[in-house]
Amino acid sequence: MSEPIVLGIESTCDETAAAIVQGRTLLSNVVASSMEEHARYGGVIPEIASRAHAEAFVPCVSKALADAGLELSDVDAIAVSAGPGLAGCLAVGVSGAKALAWSANKPIYGINHVIGHIAVTQLQFGPFPDDTLALIVSGGHTSLLHVEDVARRIDVVGTTLDDAAGECFDKVARLLGFPYPGGPHIDRHAQQGDPHAIKVPQGLTQGQAGARHPYDFSFSGVKTAVARWVEGEQAAGREIPVDDVCASLADSVATVLARKAMRGCRQYDSKTLIVGGGFSANSQLRAKLLEFGRSNGIEVRIPELKLCTDNGAMVAMLGVNLVEAGVRPSAPDFPIDSAMPLTRVSM
Ligand code: KG4
Ligand code: ZN
């Protein structure tokens, strides 16, 4: 087969997205978001998100095909996020994708959304090296993965023992009064602050806990330390130096992530670090990873901003990998899996 053409569909959380990838080329990329409908509740409301997916599904897929100048009959396969994510949201995307696959008689792949976040880097940087390490930092996941073969074999090297980095940012953001999602607000304020103004702990980096968990993460202590500090200042009637709080938090989190990722690369003898997930849009993390990568001789592949947050291109790209590897498509009645494990690439 010449370069496979795959339609990718995404509906795990608050983005409805569809995109078409041919080989390593992105032909179209359409994203509709219901984020604004959730902002006043301080978090994603699954019922509202599910309804938004149902409304946006057909317009998104139609536009993705039109932008690529293709008909559904032109694609070789359909890929859709089958998990992990919100059950009601996944059900909308997967049902829609199954209907398309059935009507056009196309193979369908129910893929792992999180693995899509790392697969997407191929659109910018080309195919993966045979054996590589990946850092995944999304809203719900913070993990180091050993990617032997993105279509078939992935192992978890380390993971967060409590909060994900994105969750930690979102919780501190709420404390500081930023609207949901708070991560980008912390990022912006951090750019003007002093990263060493406040002492923020670096979870699982020192002593016995650090030795026992060299590749695991813990961010709940970081969140608590920042919360305590802010409450103390408020109780003393002092004004909160928001920029400094954000900069100190961001520096601590980015340093731990970058340090552990580099250590993992050394351990697995990987000259490349693949980075993905919504939190990889964070400017402090991007800068720290590139800096550490340079000094450790590791090529760090971080996607451009629009491919960091949830999108259909990541789903389509992983779909291409599965087609190219000759992986059997998912059964026509495959289920969603809201807690899909990271070691499972497709259903
Ligand atoms: O991957 P993603 O879009 O959704 C999941 O699959 O979970 O990640 C969303 C997370 C949220 O926690 C959001 O606050 C965070 O990514 N995020 C950021 C930035 N942009 C998005 N966190 C820090 N700085 C950013 N610039
Ligand atoms: Zn995501």
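Using the three backbone atoms N, Cα and C, a Cβ is placed for every residue, glycine included.
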Pick from ASP149, ASP155, ASP170, ASP269: which one does TrEMBL list with ILE136, VAL137, SER138, GLY139, GLY140, GLY183, ASP187, ASN282 for the same substrate site?
ASP170
Considering the Fe cation binding residues HIS113, HIS117 given in TrEMBL, which of ASP310, ASP333 is annotated for that site as well?
ASP310
Would you please pick out, from the binding-site residues GLY140, GLY183, the one with the fewest other Cβ atoms within 10 Å of its Cβ?
GLY140
Entries of ILE136, SER138, GLY140, GLY183, ASP310 (binding-site residues) sitting next to ligand 1, with Cβ under 6 Å as the cut-off:
SER138, GLY140, GLY183, ASP310
With a 10 Å radius around each C-beta, find which of these binding-site residues (HIS113, ILE136, ASN282, ASP310) has the fewest other C-beta atoms nearby.
ILE136
Near ILE136 (substrate binding site), meaning Cα within 10 Å, which of HIS113, HIS117, ASP310 (binding-site residues)?
HIS117
Rounded distance in angstrom between the Cα atoms of HIS113 (Fe cation binding site) and GLY140 (substrate binding site):
11
